[in-house]
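Listed in Swiss-Prot:
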- 1-7: topological domain 'Extracellular' (TOPO_DOM)
- 8-28: transmembrane segment (TRANSMEM)
- 29-47: topological domain 'Cytoplasmic' (TOPO_DOM)
- 48-68: transmembrane segment (TRANSMEM)
- 69-80: topological domain 'Extracellular' (TOPO_DOM)
- CYS79-CYS156: disulfide bond (DISULFID)
- 81-101: transmembrane segment (TRANSMEM)
- 102-122: topological domain 'Cytoplasmic' (TOPO_DOM)
- 123-143: transmembrane segment (TRANSMEM)
- 144-168: topological domain 'Extracellular' (TOPO_DOM)
- 169-189: transmembrane segment (TRANSMEM)
- 190-242: topological domain 'Cytoplasmic' (TOPO_DOM)
- 243-263: transmembrane segment (TRANSMEM)
- 264-277: topological domain 'Extracellular' (TOPO_DOM)
- 278-297: transmembrane segment (TRANSMEM)
- 298-363: topological domain 'Cytoplasmic' (TOPO_DOM)
- 340-363: region 'Disordered' (REGION)
- 343-363: compositional bias 'Polar residues' (COMPBIAS)
Amino acid sequence: MGPGEALLAGLLVMVLAVALLSNALVLLCCAYSAELRTRASGVLLVNLSLGHLLLAALDMPFTLLGVMRGRTPSAPGACQVIGFLDTFLASNAALSVAALSADQWLAVGFPLRYAGRLRPRYAGLLLGCAWGQSLAFSGAALGCSWLGYSSAFASCSLRLPPEPERPRFAAFTATLHAVGFVLPLAVLCLTSLQVHRVARRHCQRMDTVTMKALALLADLHPSVRQRCLIQQKRRRHRATRKIGIAIATFLICFAPYVMTRLAELVPFVTVNAQWGILSKCLTYSKAVADPFTYSLLRRPFRQVLAGMVHRLLKRTPRPASTHDSSLDVAGMVHQLLKRTPRPASTHNGSVDTENDSCLQQTH
């Protein structure tokens with residue numbers, strides 16, 4: 001294993017560890033909070049995080065072994081099963097992101113009718129369609145024996161068949177990426193554009209109210225006025241930043257792998273192994289980006305995490321420090337000294353006799 005493969009293996013280990021931890025946190029938050037579970041977006045997020053968790057636990061270790069050893073798993077039939085999971089989970093993740101973007105558009109564009117338009121039951125039906133579509137493509141690839149170890153990507157996934165089957169395989173690959181990449185990207189862009197329009201209208205209304213309030217409050221302190229203007233600028237760019245991050249992560253993670261897969265179909269193109277492994281690692285990094293983009297950085301999940309940490313800290317007993325133990329010992333000694341009578345000294349006795357004699361003389 002050369003230095004390039006060692007760097008890619010280290011990158012894959014980091015992606016695997018962060019993906020396991022972040023997606024497990026999302027599932028733990030949804031299991032802890034009943035409010036998150038009953039939302040339609042919560043059902044979609046559970047499906048997305050569960051798929052990423054399975055990808056990190058079952059698929060990424062085999063790719064790591066392929067990078068380190070450069071060969072297929074020794075167990076018979078294991079590579080076909082891992083390739084089936086890889087195709088299914090990648091397609092399911094892309095379609096789940098499209099469903100989440102549609103859910104966000106309905107929540108922002110139709111806030112009063114959102115609960116009736118997309119209930120958890122309808123979200124389950126939507127996920128059933130996504131699962132059925134992903135299973136159809138994975139089952140077709142498994143039935144045609146197109147799943148196996150690909151040395152260009154060091155993973156168990158789709159591999160090039162012999163020359164007579166290349167046209168069918170090319171049509172299947174183009175259809176798979178059209179449904180699993182182009183369609184979710186189009187849905188993501190269209191719904192994000194609608195969300196951005198609604199957010200821009202809301203920002204314009206809030207800016208009008210803010211400017212009128214600043215014009216009426218003439219004696220307002222300049223620092224407060226400047227703070228209001230800064231918040232106004234942040235409010236304008238907040239929706240654009242969130243939408244841009246969602247689209248950019250989707251493109252950065254999926255586009256290199258999809259383009260490499262399509263270029264692999266050209267007869268005179270040979271895929272470099274290091275580039276193929278890097279593009280595969282980028283697809284795995286979507287399992288790291290999605291929990292932070294759609295879950296952990298949002299306010300409901302932050303509140304649930306804070307509540308879980310607070311409850312955990314309340315249950316754990318505090319270890320007694322040396323300062324507290326010294327105070328306890330001092331208190332015990334003080335109570336003991338208060339209970340024991342003090343012996344009268346000779347000096348105090350002489351002073352008492354002198355006081356008694358002085359009192360008798362005055363009387």
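The backbone N, Cα and C atoms fix where each Cβ goes, glycine too.
Quantities reported herein were computed from a predicted structural model and do not represent experimental measurements.
Of the Cβ pairs linking the transmembrane segment (169-189) with the transmembrane segment (278-297) and spaced 6 or more residues apart, fewer than 3 are under 8 Å, so the two regions do not touch. Counting Cβ pairs closer than 8 Å and at least 6 residues apart in sequence, the transmembrane segment (243-263) and the transmembrane segment (123-143) reach fewer than three and form no contact.
The average pLDDT computed over the topological domain 'Extracellular' (144-168) stands at 89.
By the count of Cβ pairs under 8 Å, the stretch nearest in packing to the transmembrane segment (278-297) among 8-28, 48-68, 81-101, 123-143 is 8-28. Just going by CB pairs under 8 A, the stretch in 48-68, 81-101, 123-143 that sits most against the transmembrane segment (8-28) is 48-68. As a summary of secondary structure, the topological domain 'Cytoplasmic' (29-47) carries 17 helix, 0 strand, 2 coil according to DSSP. Ranking the disulfide-bonded residues CYS79, CYS156 by C-beta neighbours within 10 Å puts CYS156 at the top. Per DSSP, the secondary structure of the topological domain 'Extracellular' (1-7) breaks down as 5 helix, 0 strand, 2 coil. Among residues of the same chain six or more beyond the topological domain 'Extracellular' (1-7), those with a C-beta under 8 A of the stretch's C-beta atoms are 67-68, 70, 274, 277. Distant neighbours of the topological domain 'Extracellular' (264-277): 4-5, 8, 63, 67, 150-154, 160, 166, 169-170, 173; these residues of the same chain sit at least 6 beyond its ends, with a Cβ under 8 Å from one of its Cβ atoms. Here the topological domain 'Cytoplasmic' (102-122) has long-range neighbours at 38-44, 187, 191-192, 194-195, 198-199, meaning same-chain residues at least 6 beyond its ends whose C-beta is under 8 angstroms from one of its own.
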